[in-house]
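Taken from Swiss-Prot as is:
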DOMAIN    78-176  domain 'Fe2OG dioxygenase'
BINDING   His96, Asp98, His157  Fe cation binding site
BINDING   Arg167  2-oxoglutarate binding site
Amino acid sequence: MLIEIPNVFSKEEVNQLREELDARTWIDGNQTSGVMASTRKRNQQLDKDDPVVLRIGELIMARLLAHPLFVSAALPLQFYPPLFNRYQGGETFGYHIDNAIRSTSDGMVRTDLSATLFLSEPDTYQGGELVIQDTYGQQSIKLAAGSLVLYPSTSLHQVTPVTSGERTAAFMWLQSMVRDEGQRRLLFQLDQSIQALTAQAAPERELFNLTGVYHNLLRRWSEL
């Protein structure tokens with residue numbers, strides 16, 4: 001399941017974030033790569049321990065945890081804190097699958113979901129599409145600055161070469177309360193239906209029944 005979430009940050013907020021990020025020191029992006037991915041990866045990143053990275057990462061996580069669509073789709077349990085990358089001058093990241101486990105200062109994170117928050121407007125660079133292969137085929141993603149795409153970490157994906165301009169983004173992984181992607185999809189569809197019926201003032205009894213089904217399935221499938 002691939003979910004696009006528009007306008008996580010406004011254009012003005014993105015400009016402020018970019019001003020801070022662009023002023024930092026960018027380094028070789030292979031610091032977060034596995035052995036196989038490192039042979040396919042050519043980009044730049046900010047140091048994960050940079051205080052600006054840590055502060056903006058906290059801001060991004062807080063914004064996502066307050067976003068109903070993100071919470072409904074991801075059922076987040078734990079983040080691997082956001083990192084930031086930049087592509088320019090033909091830089092690319094060939095097809096790969098993200099590492100299953102990431103280590104943080106608080107322990108280990110199973111990467112159930114990956115997310116990219118775009119911080120460059122799509123008309124300011126050529127190439128740089130996030131191409132994801134999933135059960136529904138191949139999808140090419142290039143969103144407006146401030147928008148985010150969420151997708152299963154099991155997906156084969158790549159960033160195509162940036163042939164002109166500059167593509168800056170935040171990327172992150174998270175562990176969901178529900179490990180299985182199919183179960184998460186069913187819960188998301190059920191939750192979205194409940195929200196739509198609530199907005200249409202559907203009869204309370206039916207809403208109570210559906211809400212009960214949702215929470216009982218979440219109780220059965222969640223791992224905390």
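One-based numbering along the chain as shown.
Just so it is clear, glycine is given a Cβ too, placed from its N, Cα and C backbone atoms.
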Distance [Cα-Cα, Å, rounded] between Asp98 (Fe cation binding site) and Arg167 (2-oxoglutarate binding site): 20
For the domain 'Fe2OG dioxygenase' (78-176), the number of residues DSSP places in helix, strand and coil: 3 helix, 67 strand, 29 coil
Cα-to-Cα gap, His157 (Fe cation binding site) vs Arg167 (2-oxoglutarate binding site), nearest whole Å: 17
Rounded Cα separation (Å) that holds between Arg167 (2-oxoglutarate binding site) and His96 (Fe cation binding site): 19
All-chain count of other Cβ atoms within 10 Å of His96 (Fe cation binding site): 18
Residue, out of the binding-site residues His157, Arg167, whose Cβ gathers the largest set of other Cβ atoms within 10 Å: Arg167
Cβ neighbours of Asp98 (Fe cation binding site) where a neighbour is any other Cβ within 10 Å: 20
Reported mean pLDDT - the domain 'Fe2OG dioxygenase' (78-176): 97
